[in-house]
Amino acid sequence: MARVSLALLLGALLACSAAASLDQEFDITWGDGRGKIQDGGRLLTLTLDRTSGSGFQSKHEYLFGKIDMQLKLVPGNSAGTVTAYYLSSQGSTHDEIDFEFLGNVTGEPYTLHTNVFTQGQGQREQQFRLWFDPTTDFHTYSILWNPKHIIFMVDDLPIRDFRNLESKGVAFPKNQPMRLYSSLWNADDWATQGGRVKTDWSHAPFSASYRAFRADACVAVAGGKTRCGASVGTEGAVGAAAPAGDWYNQELDLTLQQRMRWVQRKYMIYNYCTDPKRYPQGLPAECSMQQ
């Protein structure tokens with residue numbers, strides 16, 4: 001029994017060591033002290049009160065990668081609050097890959113909102129209910145971004161695959177390095193039940209927690225080059241041709257495609273591709289192709 005316990009302990013320590021130290025990877029960028037990195041860099045918390053929310057951004061910019069972060073969302077009556085977790089470049093023609101968690105009244109489920117922006121154009125929303133309570137424990141939310149796919153995952157289960165369909169005239173993010181951002185803020189004009197339910201400030205301060213960040217990615221460095229082939233926090237080769245991890249060519253196999261379709265059938269509550277009233281000139285081109 002002691003040997004088993006020791007093995008489990010060593011495994012846990014190795015798992016923890018694989019995650020990057022948050023104070024080395026992120027800067028708290030706003031919130032006047034409402035964002036904090038704690039526990040020796042292993043935990044980051046964002047807080048929202050009536051005066052302000054808070055947010056952070058990565059020190060690195062990424063051009064493709066597999067990004068993982070564990071989040072525990074605002075518990076209880078979180079109506080009106082939004083926890084945003086996303087990759088984005090800058091400027092009017094920016095690219096962006098979004099997770100947003102829309103709070104709700106006590107006992108009602110969060111809405112997980114996803115979106116993809118290419119060259120400043122978004123409006124590619126898909127929304128889901130989660131199949132667990134995201135406030136009682138940490139869960140892993142991942143973005144796999146490579147030259148062929150943007151895959152959104154929850155606890156390694158794919159929920160969305162935005163494919164590169166440039167050959168069909170659909171723009172795809174591939175040239176602009178993006179930072180990872182997250183923020184906790186008040187959006188009670190739209191976030192919960194279309195803005196009908198407002199933030200109840202008697203429950204403030206609201207808090208979301210982050211841990212176990214990992215980025216297997218190509219990191220933008222000086223001279224317009226990227227450093228690939230290693231996890232963030234370790235040195236890899238410099239240059240656009242440097243080898244990357246398995247994620248660079250990863251696609252969903254048949255089993256994972258089936259699991260994604262199951263999630264979409266059971267838990268998707270909005271899909272822009274099935275909302276023709278929104279597009280009087282016709283649905284976006286990618287909607288006629290399998291997503």
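Positions of Cβ are set from backbone N, Cα and C atoms, glycine also.
Features as listed in TrEMBL:
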- 1-19: signal peptide (SIGNAL)
- 15-210: domain 'GH16' (DOMAIN)
- Glu96: active site, nucleophile (ACT_SITE)
- Glu100: active site, proton donor (ACT_SITE)
- Asn104: N-linked glycosylation site (CARBOHYD)
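Overlay of TrEMBL annotations on the structure.
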residue: Glu96; record: active site, nucleophile; Cβ contacts under 8 Å, 6 or more apart: Tyr86, Leu87, Ser88, Ser89, Asn115, Val116, Phe117, Gly122, Pro173, Met178
residue: Glu100; record: active site, proton donor; Cβ contacts under 8 Å, 6 or more apart: Val82, Thr83, Ala84, Tyr85, Tyr86, Leu112, His113, Thr114, Asn115
residue: Asn104; record: N-linked glycosylation site; Cβ contacts under 8 Å, 6 or more apart: Ser78, Ala79, Tyr110, Thr111, Thr192, Gln193, Val197
Rounded mean pLDDT within the domain 'GH16' (15-210) lands at 94
